[in-house]
Structures are given as structure tokens and as C-alpha cells.
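Engineer: Mind having a look at this structure? Questions to follow.
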Amino acid sequence: MNYLNNIRIENPLTICYTNDVVKNFTANGLLSIGASPAMSEAPEEAEEFYKVAQALLINIGTLTAQNEQDIIAIAQTANEAGLPIVFDPVAVGASTYRKQFCKLLLKSAKVSVIKGNASEILALIDDTATMKGTDSDANLDAVTIAKKAYAIYKTAIVITGKEDVIVQGDKAIVLANGSPLLARVTGAGCLLGGIIAGFLFRETEPDIEALIEAVSVFNIAAEVAAENENCGGPGTFSPLLLDTLYHLNETTYQQRIRIQEVE
């Protein structure tokens, strides 16, 4: 847990341009791992913030015509500042509007990580793909989708689902931790995007080990929280997840991580 230990020591400033539904949960999750979240959205202050920040999360969950240009502007400012971007194209396949905006953003700025479920990442590489809301699609071949997305966008791809897939360069990793309760809490996936950003430490081409650790820390914490005797369902799971992120230690991490490199 080298990256998490560094987060707990250095408290990296993590800027989150995220959706209105999840801001509080995302901020609290980042605080739980030791990061310092800032939910800054104004392009007018981006240049100053990005000089001292370690990463930027862009999450389009509540995309509107009013914030389109702000998102493009902050992404370009992040590029100019050498700040890595984690892009979460929430529900990109649900509407033509979302898909067109995501394509525009990815043409207008360079992102370091694209994170989404299989349906969302498929929508970025296949114009005919559709999806149901923000749900993951267990029937899709996530490894193949991730590899195709990497080939197109030349950026790290993280696909979440029952198993999580990470593709960076010539490596493809499958991670098998997590809990079904994550799908019962709104904003859990959005928090993961923020946590990935917290692990980047200003690396615009992040090491795959940072991504593996970020995803595994989150999912192992979810497992432990779900197994807690005080967890009665989604309502008690959420605060227990934050507590477990705060207390997670090396022993638990190493005992539980389930990882496989695939062709």
C-alpha cells in the first residue's frame, strides 16, 4: 500500500469537478483515505488551484449545456498545468448529447485515466452502443473493450463491474474484490473516480501499480465494510465504507487482494 501510505502522509490536493448528487460522498471518501478534496468548479480559479493540486477528477453525471464550456476549459487548463485528469463519462451511452460531449472533451484535452463501467467505455468506442442508465453490463467482455479503448485513446482505462479491468500500455489486469452493496449506493462508482485521482500524485502517465492499488483499496474496503456485523444494508454500508477506508491496513490489503494479469 505504498501509494495509500503516501496519501496519508502528504494529503494530496485532489480537485473534483463532479456531479451534484455525489459531491458530499466523494469529498468524505477522499478525506477518509487522507487526501484533501476541493470541489472547485470555476475556470477562473483553475490556474491557481492546479499549480498546487495533484490531480483533477471530471465526472459528467449532471452534465448541462451551462457547464459544458467550463468542463472543456478546466480540462485544458489542467493540461497546461501538467495536472493528470481522471475522466468519468457517466451514462455516456444513455444519450446522443452525452456521447457527443464526451467525444468533444476527449478531442479537446488529454486525460490520464478513463474510468467507467463496460457499457460506458463501449459507448466511447462504438457509436451504435447504448446503455441502461449508469448500470454495469455483466455480459460485455470488459478486457476486450478496455484494450480497444486504450488503442483509440492511448490513455489508461479502468472498467468497473463484478470484476474490474485495468489496461495501461501492454498490460491488462483483472481485479476481483468488491461487494454487491456498492451497486446499491448512489455515488460509489463516482467516489472510486475520485480515489483514483487521489492516487496519481501529478503523474500524467500513471504507473499501472497506482491504478491497481486505488481500485483494490476501494474494493477491499467495501468487502470489509459489507462483512461488518453492523452492516444491515446500503444505509449502514456507506458510513462503514468510509470508516474502513480510513482504517485499512497493509495486512488486510495483502490478505484480500485478488489480482490476475491477462493476455
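Our numbering is plain: 1 for the first residue shown, then up by one each step along the chain.
Just so it is clear, glycine is given a Cβ too, placed from its N, Cα and C backbone atoms.
Keep in mind it's a predicted model, so treat the numbers as computed, not measured.
Straight from Swiss-Prot, here's the annotation block:
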type    : residues       : note
BINDING : Met39, Gly187  : substrate binding site
BINDING : Lys115, Thr160 : ATP binding site
Engineer: Does DSSP put Gly187 (substrate binding site) in a helix, in a strand, or in coil?
Structural biologist: coil
Engineer: Suppose we draw a 10 Å sphere around the Cβ of Thr160 (ATP binding site). How many other Cβ atoms does it contain, all chains included?
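Structural biologist: For Thr160 (ATP binding site), the count of other Cβ atoms within 10 Å is 28.
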